[in-house]
Ligand SMILES: Cc1ncc(COP(=O)(O)O)c(C=O)c1O
């Protein structure tokens, strides 16, 4: 099988077919799905907050009953839960720092979980690469998402008088919008003219078809310098056709970057094979590395090369905003003030990374590396497909007024990740949220009436999805009655 065909098949892997047989709506069916789940043991690797702990006015005490009374946590699209590993990694880091001081930078230890401080970034990129479908040299674990987008645009957005526009979604995450807007201003362009916003045709169903995106690219090809899109749209959960859109951008001589905040650790990305120019993501959502933790970026190998033979030439490496940590490791401590980057994404680093943060990322990536994104994606397709089936089909005889919501996420499983976004009828959101909270369900909302529900395949179960659907449908009914 050709690798292209293989990739297409992977991307369009299909969920279990769920039947309308009444037995499929019973809890026992969900239990049977859990029992057959090849990834079920991974749940034990994570700390799921208990219902009681969520309500406490103080922090969790030693006698927390997280194992016996877990909440239904379907919010990995916002903040992933804590891997049990994290504490061990961070304690080890604290012990290394406390007992070795500055020598911890260079001296390896027999019982280390990570190499000495100066090498932790390399260890992290090695574990990150398979998660996003990249070569190790194409990935750097560094910075934060918005800052990384700026660093990448500093390198990849090189406008001229003729070609200066940036194409992005009209409903891009605000930080991406601001980043693009400020990049344009930074280069003395007017964002009103320079930002090409792709707007959904139907605000009720704000999906952007690949054809529409391609049309916008075609319409602006001669004046566009860069495209920045999200791999998975934060609001609708739509998963864009990265491979096709990237190829189309390249056919028009336009560079393209992807914000993978909602895709990394969620879907089976193939950033290298899809020829993506650059990408950036945060690690605190599906990658469970803690709020605001250190982020990740990708630079395709063709953009990361360094020609050591011509150190003084403009052509030696791709221009970028530089710092010492991106410099050649061999000469980093020579302090010679002659910047020659490391080849690859590592050459885009600026500062020595927070080792504390890297430990949190590695604690999670280590779990991901015990399986594959292909397997994780397959479970995700099944789990989210099950959630959709229960929400839309159950109970079989439900009158329409019992379903006061619409699904705004694409119904094609290949066009979405774990998340389903549900738009409630006006005036129901607060009541529904209240009832979900009372029943120990954690999801998130986007006002005025959308909730986002994301079963994370490494720690969520089919029974949780079943329970959620029961609670949610009951909450909808009550909210309608109280309206
Ligand atoms: C799609 C997307 N882009 C950008 C950001 C901003 O991330 P950060 O605050 O880590 O820069 C977020 C945060 O949730 C996001 O979801």
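Glycine is no exception: its Cβ is also placed from the backbone N, Cα and C atoms.
When the candidates 157, 164, 284 are compared with the pyridoxal 5'-phosphate site entry in TrEMBL, which names 145, 146, 173, 174, 175, 176, 230, 259, 262, 324, 352, the shared residue is 284. Residues from the binding-site residues list (173, 175, 324) with a C-beta closer than 6 Å to any atom of ligand 1: 173, 175. The binding-site residues 175, 230 differ in how many other CB atoms lie within 10 Å of their CB, and the one with the most is 230. Looking only at the binding-site residues 173, 324, the densest Cβ neighbourhood within 10 Å occurs at 173. Across the residues annotated as binding pyridoxal 5'-phosphate (145, 146, 173, 174, 175, 176, 230, 259, 262, 284, 324, 352), the widest Cα-Cα separation comes to 31 Å.
DSSP gives residue 173 (pyridoxal 5'-phosphate binding site) a coil state; it is part of no helix or strand. For residue 285 (N6-(pyridoxal phosphate)lysine), the count of additional Cβ atoms within 10 Å of its Cβ stands at 27 [all protein chains shown].
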